[in-house]
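To keep things clear, I will list the structure first and then write my remarks on it.
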Amino acid sequence: MSNALVVAGDSLVPSNRVSQMHPVFKAFVCGSLSGTCSTLLFQPLDLVKTRIQAHQLSASAAGSRPRMLNLLIKVVRNENILGLWKGVSPSFLRCIPGVGLYFSTLYTLKHHFFSERDPKPLESVMLGAGSRTVAAVCMLPFTVVKTRYESGKYGYNSVYGALKAIYKTEGPRGLFSGLTATLMRDAPFSGIYLMFYTRAKKLAPHDQIDPLFSPVLNFSCGIVAGILASVATQPADVIKTHMQLANEKYHWTGKVALNIYRTQGLTGFFQGGVPRALRRTLMAAMAWTVYEQMMEKMGLKS
């Protein structure tokens with residue numbers, strides 16, 4: 001039907017308008033909508049991860065390590081159930097356009113350089129890392145605000161107020177604090193994830209299962225890829241969080257890493273690893289599954 005809507009099987013966008021969209025814009029829309037779903041569902045895990053890592057910055061926290069379940073209970077008790085979604089506004093402002101920008105950049109690069117063949121493993125790493133770098137740099141100010149919102153240490157009243165306060169007190173540098181650590185975390189994660197995800201999908205027996213269960217199989221491939229990528233990039237995530245919570249205390253990534261090692265040892269680089277691995281793995285797996293289903297509905301190869 002000419003006015004039917006084609007997004008993940010539901011009626012959201014008129015099909016005649018969809019067909020007129022540029023493929024890159026279609027990839028952006030699909031990515032943004034998949035990012036919306038995954039961000040809303042898994043925001044509580046990101047909040048818990050940030051609280052665990054913020055706990056490291058407290059002098060009184062020496063020798064004590066909060067458990068994920070205890071933190072969840074504490075947040076619900078002190079801030080009610082909606083407290084688990086604290087920071088969801090900057091998360092949306094970061095993830096919705098950020099995920100869309102990532103997928104549209106990835107689509108552009110992939111179809112420009114690899115239109116006639118699939119990328120090799122190392123090429124997949126470079127594709128994922130390059131696309132994520134573009135998105136991460138553009139969205140970093142919102143990442144800083146999100147991290148501070150979730151930490152519970154800052155009394156910002158709005159995202160705009162937070163951006164204004166950071167710029168006023170710390171300058172442009174404050175809005176891009178943790179840039180190096182963010183790229184060290186996000187670019188490798190996306191590159192490693194894309195490599196393992198595409199390899200896992202090739203090994204998966206797609207021809208032996210009902211097409212109806214294809215999204216489940218893709219989601220399972222995403223889980224495996226996400227776990228491997230999360231473990232590899234966890235230290236960079238801890239460093240990034242420390243830099244974004246410490247105002248002007250740290251300006252050099254190496255200094256932060258050295259301080260974590262001196263005060264926490266090697267285990268300090270893996271604080272918040274479980275909730276982060278859960279969130280990043282589930283978010284990436286869901287985002288890719290939804291994105292690929294939506295792109296298929298639009299008649300495009302992801």
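Indices start at 1 and increase along the chain as displayed.
The backbone N, Cα and C atoms fix where each Cβ goes, glycine too.
The repeat 'Solcar 1' annotation in Swiss-Prot covers 22-112 and is backed by sequence analysis.
According to Swiss-Prot, the repeat 'Solcar 2' annotation covers 119-203.
Annotation comment: Swiss-Prot describes 213-297 as repeat 'Solcar 3'.
Look at Swiss-Prot and you will find 28-53 (among others) tagged as transmembrane segment.
For 87-113 (among others), the entry in Swiss-Prot reads transmembrane segment, with the evidence type sequence analysis.
For the transmembrane segment (125-150), same-chain residues at least 6 beyond its ends with a Cβ under 8 Å from one of its own Cβ atoms are 46-47, 50-51, 86-87, 89-91, 93-95, 97-99, 101-103, 105-106, 109-110, 113-114, 119, 156, 159, 162-163, 166, 174-179, 182-183, 186-195, 241, 244-245. Positions annotated as transmembrane segment by Swiss-Prot, on the basis of sequence analysis: 125-150 (among others).
The transmembrane segment annotation in Swiss-Prot covers 178-201 (among others).
With a cut-off of 8 Å between Cβ atoms, the residues of this chain six or more beyond the transmembrane segment (217-243) that come close are 49-50, 53-54, 56-57, 147, 177-178, 181-182, 184-186, 188-190, 192-197, 200-201, 204, 206, 209, 250, 253, 256-257, 259-260, 268-273, 276-277, 280-282, 284-286, 288-289, 292. Residues or ranges marked as transmembrane segment in Swiss-Prot (evidence: sequence analysis): 217-243 (among others).
Residues annotated as transmembrane segment in Swiss-Prot, with sequence analysis given as evidence: 272-290 (among others). Long-range contacts of the transmembrane segment (272-290) within the same chain, counting only residues at least 6 positions beyond its ends with a Cβ under 8 Å from a Cβ of the stretch, are 8, 30-31, 33-35, 37-39, 41-42, 45-46, 48-50, 52-53, 68, 99, 189, 193, 197, 215, 218-223, 225-227, 229-231, 234, 237-238, 241.
Model confidence over the repeat 'Solcar 1' (22-112) is summarised by a mean pLDDT of 83. Non-local neighbours of the transmembrane segment (178-201) in the same chain are 102, 106, 118-119, 121-122, 124-133, 136-137, 140, 143-144, 147, 218, 221-222, 224-226, 228-230, 232-233, 236-237, 239-241, 243-244, 253, 256, 280, 284, 288; each lies 6+ residues outside the stretch with a CB under 8 Å from one of its CB atoms.
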